[in-house]
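Engineer: Below, the features straight out of TrEMBL:
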DOMAIN    69-142  domain 'Rho RNA-BD'
BINDING   Gly185, Lys186, Gly187, Gln188, Arg189, Ala190, Lys197, Ala198, Gly199, Lys200, Thr201, Ser202, Arg228  ATP binding site
COILED    405-432  coiled coil
Amino acid sequence: MNIELLKGKYLDELKTIAKSYGIANVSKYKKNELISEILKADNGFESEESERVNINEPVENENDSKTNTKTVCGLIDITADGYGFLRSNGYDSGEEDIYVSPTQIRRFRLKKGDKILGLTRESKETEKFSPLIYINEINDIKVSELKARKDFDDLIPIYPNEKYTLETEKNEVSTRIIDFLVPIGKGQRALIVAPPKAGKTSLLRSILKGIEINNPKSKIFVLLIGERPEEVTEMKRFTKAEVIASTFDELPQNHIRLAEFVLERAKRLVELGEDVVILVDSITRLSRAYNVNTPSSGKTLTGGLDPFALHKPKRFFGSARNVENGGSLTIIATTLVDTGSKMDDMIYEEFKGTGNMEIHLSRKLSELRIFPAIDIYKSGTRKDDLLLTEEEIQSANLIRRKLSNTNTNEIMENLVKNIKKTENNKEFFKAILKNN
């Protein structure tokens, strides 16, 4: 590749060339940096051309026997050194992981989180892992049918404009209330702000159940960080969704690794135009893990929080978006408050305003055994008019006005009673509009 030829091209043209070489996040490079990256990639391809193995032709062993090959399927985890592994145990590393060479990663432009179906052979005495020798499918698409895909960072984010309907049954009041007072859309960045014992886990399960039943095509991940082992087991038995957990007795590095791996997997699906949901319990414990793992900047916020520690968890949460002419990534995360820890309160303060939807749970309501313990005044969704019908907007406004002169306890108690009197939300809206 001629450097003078590259210098004569516009930045947009260079970005297109860079993407053809599999260079990620091209938007972050300046022109000279991008030229340098293209030349590096080009030299890498040329230098390895003579040694490259055609991975569409299985490599035979020394005895020219093909009987020791077997089919493997897994998610690829790419290291900083350029090679990768197909994880044999979901998102965790294991002894049966399959080695993926840098040449294969470049040739097929593989990204972390891609699902690979291919062939492997037995490892030789000098090899620690069995190598991947043939790729059949990437993300359930045959290699011969693969098309160029956009990088997640280049997708255009827009406001959520399609609602996740959560209503399932008459007595599932929490999701019925959320549906019209605090709607969740595809691509929502949602926070559930909860003090201890306010019912956040129950609410998260109700939301999960609502999405599963009403939106079966959406891919759901449940990410549990720092939870108790028995709660992880209970969640796995409760849902058919993919549950990925790092319990409280795991190292902070494991919390971070799993969270980032799940996010990359979700991004790959969004690039293919799918709707993805990640439910995180909790973003507070994930932020604490980053705080432990981040080198000290020399500055400390209230509660011992390093200001640079929140950059990555914010980037994780900020990945949620609705994509123009494509899929969506919805992140619904719990954040802890009133735990007695100043760090937890500081983490919430830093995340406050980064989301476009918040559900606040009230400790007073939970102490009075009024569930769902949702504080209607503090909870809300930005641009909710894009998600609600005219009937839902009118009903929600009437409810808020009617209940504005009463305290929170009476609001929820009356609302729950009235909702339970009707079979579904449509009946409830008709009853409200008829009486006004």
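From the backbone N, Cα and C atoms, a Cβ is placed for every residue, glycine too.
Remember, TrEMBL labels are computer predictions, not curated facts.
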Engineer: At a C-beta cut-off of under 8 Å, are there same-chain residues at least 6 beyond the coiled coil (405-432) that contact it? List them, or none.
Structural biologist: 167, 170-171, 173, 176-177, 179-180, 362, 364-365, 368, 370, 372-377, 391-392, 394-395, 398-399
Engineer: Largest pairwise Cα distance, Å, within the listed ATP binders Gly185, Lys186, Gly187, Gln188, Arg189, Ala190, Lys197, Ala198, Gly199, Lys200, Thr201, Ser202, Arg228?
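Structural biologist: The widest Cα-Cα gap among those binding residues is 30 Å.
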Engineer: Would you report the average pLDDT that the model assigns to the coiled coil (405-432)?
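Structural biologist: Result for the coiled coil (405-432): average pLDDT 83.
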Engineer: Can you tell which of Gly185, Gly187, Gly199 has the most other C-beta atoms within 10 Å, given these are the binding-site residues?
Structural biologist: Gly187
Engineer: Out of Arg189, Lys197, Arg228, give me whichever of these binding-site residues has the highest number of other Cβ atoms within 10 Å.
Structural biologist: Arg189
Engineer: Below 8 Å Cβ to Cβ and six or more residues apart, same chain only. Which residues does that give for Thr201 (ATP binding site)?
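Structural biologist: The answer is Glu231, Asp281.
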Engineer: Per DSSP, what is the residue count of the domain 'Rho RNA-BD' (69-142) in each of helix, strand and coil?
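Structural biologist: Breakdown, helix to coil: 6 helix, 35 strand, 33 coil.
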Engineer: Using DSSP, would you call Thr201 (ATP binding site) helix, strand or coil?
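Structural biologist: For Thr201 (ATP binding site) - judged by DSSP and reduced to three states - the answer is helix.
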